[in-house]
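These features come from TrEMBL:
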type	residues	note
BINDING	SER64, ASN113, GLU164, ASN171, TYR195, TYR247, VAL265	substrate binding site
DOMAIN	349-466	domain 'STAS'
Amino acid sequence: MASLVDRYLSHITTACTADRSGAVADYIPELAQVDPEGYGLSLCMHDGQIYSRGDSTVEFTIQSISKPLSYAMALNRLGYVRVDEKIGVEPSGEAFNEISVDDRMRPKNPMINAGAIQTVSLLLPPVRDVSAQTVGHVFDELVTFYSACAGRRLALDSAVYGSEASTGSRNRAIAYMLDSFGVMDTDPEAALDLYYRQCSLRVTTDDLAVIGATLANGGANPRTGRQVIAQEVAQRVLSVMTTCGMYDGAGDWVTSVGLPAKSGVGGGILATLPGQLGIGIYSPRLDRHGNSVRGIDTCRHLSTDLGLHMFNLNRESRVTIRSIYDIGAFEVGEEWSGRERGYLSTCRDQVKVYELQGDLTFSGAESALRRIEADMDDYVVAIVDLSRIDVIDPVARTMMLSVKHTLDERGQLAMVVDPDGVLRASVERHREDQVVPDLVAPETLRGFDPTLPHVHSSMADAVIDAEAFQLERRAG
Ligand code: GLU
């Protein structure tokens, strides 16, 4: 059975597919030939779980999404001081291929081409004549680094590389301008060659989602467990992606979507929600800024529907499950009656309790739901204990309510222990939201499933209810 998250992702990809506006990049033949209908979406959660939809295994060239990765590699190797001497961190407000430099002649930031070419120049030896062999060697190191971020060995698209190298007059002009300003310490041809190669690496949306989750996790790849980017470097890269990542529309992007992101003319977008998840999207038709049209639309949906804006402040979303135990292991208080105690001794292995904590948002609810669903064969009754939850956002509420539906279908029982009425308050707030129906699209995860599970104000009440359910089940 598809999980609620899978169903939601199918819903938004179906909704966004309809938009066929924009055009594929055509500055080189290889990009002009791609299937314009291609569309893939992947989400990688902080624990490495991946959800994929559509063309998530189709490979396309990473293009400008390489920029934050090479910047991370340069910072990892050389540290802030040396990198900051050569590249600024200010949004340029100009097109990505402008020669934007500041008063120290540094490219304004590493997300524009001037900054990206300068970034790779820092990976090369500071000599005027760099051999092809040396560029090849540095490129191998770069591929190893990118691959560690993606958790899979990435490969070069040699046709795209060949075309990029033979048509790149503008980038050549940028590299030689930087050289003439005296800020490039290596051979400009070698820097260009390395830059064209990095842009021509092939990735899938699953790769981008894992790279995004690696950045979200402070540089530790959640699939491999390896710390591939230093934590301070991940923080810096996310900051620069936030202010300079989406070409020239940064302000609008931060206010409306609120996810550090980078797009590329190959049709990819990588977005990341710090501490929580990474997103990879592919759809090659681009808008006039060079961003994937469906990619932008998909990000807007994800951010709004799932409450993923980075300033949707919440706590502890990564440690939502405080503990899981069989009810037989519950520590019984003085106030428990003989009947409750008697039942507890017989129901071992049939009732599982999921104690949640913190503020419940999409990521936390996703991991709780995944766990409750994975265990479904191991219990008859699931008790979700919300006693330690202070706030539950609309998305998390719908997700928690869906547990009832899922278990009902299997003849099992879902129950909630909610002494402070957090769930009920959230449902009531939702009813008020309905006054402005446009705010809540019913088909999204914010949509309302009106059936509340059995809600109890204490674990003892839940236990009596579980007993009644099991007696009825046995009788029936
Ligand atoms: N290879 C392309 C260039 O440097 C990448 C552009 C992009 O993705 O923005 O022009």
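Glycine residues also receive a Cβ, built from the backbone N, Cα and C atoms like all the rest.
Keep in mind that TrEMBL annotations are predicted by a computer and have not been checked by a curator.
The structure, with features from TrEMBL marked on it.
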residue	record	Cβ contacts under 8 Å, 6 or more apart
SER64	substrate binding site	PHE96, MET111, ALA116, CYS199, LYS262, SER263, GLY264, VAL265
ASN113	substrate binding site	PHE96, ASN97, ARG170, ASN171, ILE174
GLU164	substrate binding site	ILE28, TYR196, CYS199, SER200
TYR195	substrate binding site	ALA116, ILE117, VAL120, ASN171
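Here the domain 'STAS' (349-466) is broken down by DSSP into helix, strand and coil counts: 55 helix, 30 strand, 33 coil. Model confidence over the domain 'STAS' (349-466) stands at 83, taken as the mean pLDDT rounded to a whole number.
Its Cβ placed at the centre, ASN171 (substrate binding site) has 21 other Cβ atoms within 10 Å.
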